[in-house]
Structure formats: structure tokens, C-alpha cells
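A.B. asks: First the structure, then my questions, so here it is.
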Amino acid sequence: MAFTLGGRARRLVSATSVHQNGCLHKLQQTGSDRFQLGEAKAIRLLPRRTNMVQELGIGEEFMERNRETDTSYDFLGEMRQRFMRFKRQKYLPEIEKFQALAIAQSPKVMVIGCADSRVCPSYVLGFQPGEAFTIRNVANLVTPVQNGPTETNSALEFAVTTLQVENIIVMGHSNCGGIAALMSHQNHQGQHSSLVERWVMNGKAAKLRTQLASSHLSFDEQCRNCEKESIKDSVMNLISYSWIRDRVKTGEVKIHGCYYNLSDCSLEKWRLSSDKNNNGFHISDREIWS
């Protein structure tokens, strides 16, 4: 059994080298430096008794790394402490509010955000429990209705038709790994692409438009432009759903696009406006909050 765990651990440790030139590597590059934590967790699976070390022939250098993890971060312990702190400091002082939320919800805002761990919409925008109905996916994409059902548009349908939210926000951000993967993807790869690559290709129109307009810029600069173009496309894709389009026309629902810059903590915001004369829609009212 010890030998099996060792084999599994070695496979886990080497997992970070998989797809070094592919889409998943792009997501890793734009994430936290703690991505390598998986190695430490894998090493902790190994037995620590000296006699088993000798039986397995594990080197001293490997065991030194193992000893270093003995005092490593206790994730579950910390999570328990955070939960109990939440209960003492927030839940109990406002128990009536939380008990009312246990019965029903009536959020006024729907947020479509990126799954990136650095960009939590409620944290950045200050929403409290019950205020925002939120769905997150890689690169905060909204696909048009003709593409079929996804977890994002099913959440949209519930938020708009059942909860009757009054505002929809598509929130993207700088240094987005999903957009970097989109910009790096070779369009001809097709069925050989990973799941992530196939998903982000829903933003292909924004990519092509970006490449056409800013081919003279660096790759990173193109990614920044595509991040914003993709938000605008997702905002426009919302209108392909009749139950959203009708509510926007009557003023029951307002749609916004937001771009959060991680580097300087600024927020660029747009609004979807309807032209009642020609029954069209366009992005307008650009603002920068800094």
C-alpha cells in the first residue's frame, strides 16, 4: 500500500509539468505562485517512518522536503476557524436577516464573473448575502441562445424570470488566463482541443476582432484588449435571449459590463443602451472608477 501511495504521489508531483505548452499552462501562468502547493500535498501522502523510508529506498533529499511539510498550512483547520468567526461576528449579530434569507431570496443583481480565484465579485463590489445572484465560469463568457444550454444561461433564466433581478453585470478582469488561452489557441485544432480550449473558443469573435485591430501590439497588450472585447460580446449575447431582450426594452432589466484591473484596482464600466427608433442595442456610457 505504501508503494502505491508513493507512485500516486510522484504522479501528482509531476502533474504541474503537463501541458507545458498548452492552454492549461496559460491558466497556471496567470494564477497564484502557490500553484505548486499540490506538490507539497502530494508529498504528505507518503509514510514518514524511518523503516518504511529504508524499505522504499526514498532519498534523504526527498524526505527533507517531506519534513518541511509537517508544519505546513492546515487548510481544513483554518476553514473551520473562518466559518466559526463568520458565525460569531456576522451571522449571530444579524440572525434575523440570515433566518429570513433561509426562507427566500430576492436579489436585485445578477453577476456573471470569471472563475479566477483573484476576482470574487462579492468581495470586489461589496455585495452582502442575498444581494447578488452569481454565476462564474472561465473567462466570464455568455454564449448566445442558439449555442444551446449551459450552466450560465440556465442561471440567467432563473435569475431573470423567477427571481426577477433588475440588473445584470458581466464582470471580466485583467490578466485573465482564459482569455490568454483563447488568444494562444490555434483555430484549426478543433476536436483535439482540451475542454478549456473548446469553452474559451466561444470568445473567438472577440479574438479575431482584437487581432485585426491590434496586431502591432504585444501579446499581453492584445490580451488586455481582448478581455474587454469579450465582455462587450457577452453583454450583446444577452440580448439573444428573448426574455432578457424584452425586459431591457421595457426598462425592467439593465445590463452592464465591468472590467476590473488587478494591477491598479480600477473598474471600467459600460452600459447596454437600446435605440428605440431602430430597435437596436449598443454599448455606451463608459466610465472608469479609480
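Heads up, the Cβ atoms here are built off N, Cα and C, so glycines get one too.
Source: prediction; values computed, not measured.
In case it's useful when we look at the structure, here is the feature table from TrEMBL:
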type: BINDING; residues: Cys114, Asp116, His173, Cys176; note: Zn(2+) binding site
A.B. asks: For each of Cys114, Cys176, count the other CB atoms within 10 A of its CB; which of these binding-site residues has the top count?
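C.D. replies: Max Cβ neighbours within 10 Å, all protein chains included: Cys176.
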A.B. asks: Compute the mean position of the Cβ atoms of Cys114, Asp116, His173, Cys176, which form the recorded Zn(2+) site, and then list in sequence order the other residues of that chain whose Cβ is within 8 Å of it.
C.D. replies: Gly113, Ala115, Arg118, Val119, Ala139, Asn140, Gly172, Ser174, Asn175, Gly177, Gly178, Ile179, Glu227, Tyr260
A.B. asks: Can you name the residues of this chain that are 6 or more positions from His173 (Zn(2+) binding site) yet have a C-beta less than 8 Å from its C-beta?
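C.D. replies: Long-range Cβ contacts: Cys114, Asp116, Arg118, Val119, Asn140, Glu227, Tyr259, Tyr260, Asn261, Leu262.
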A.B. asks: Around Asp116 (Zn(2+) binding site), how many other CB atoms lie within 10 A of its CB?
C.D. replies: 23
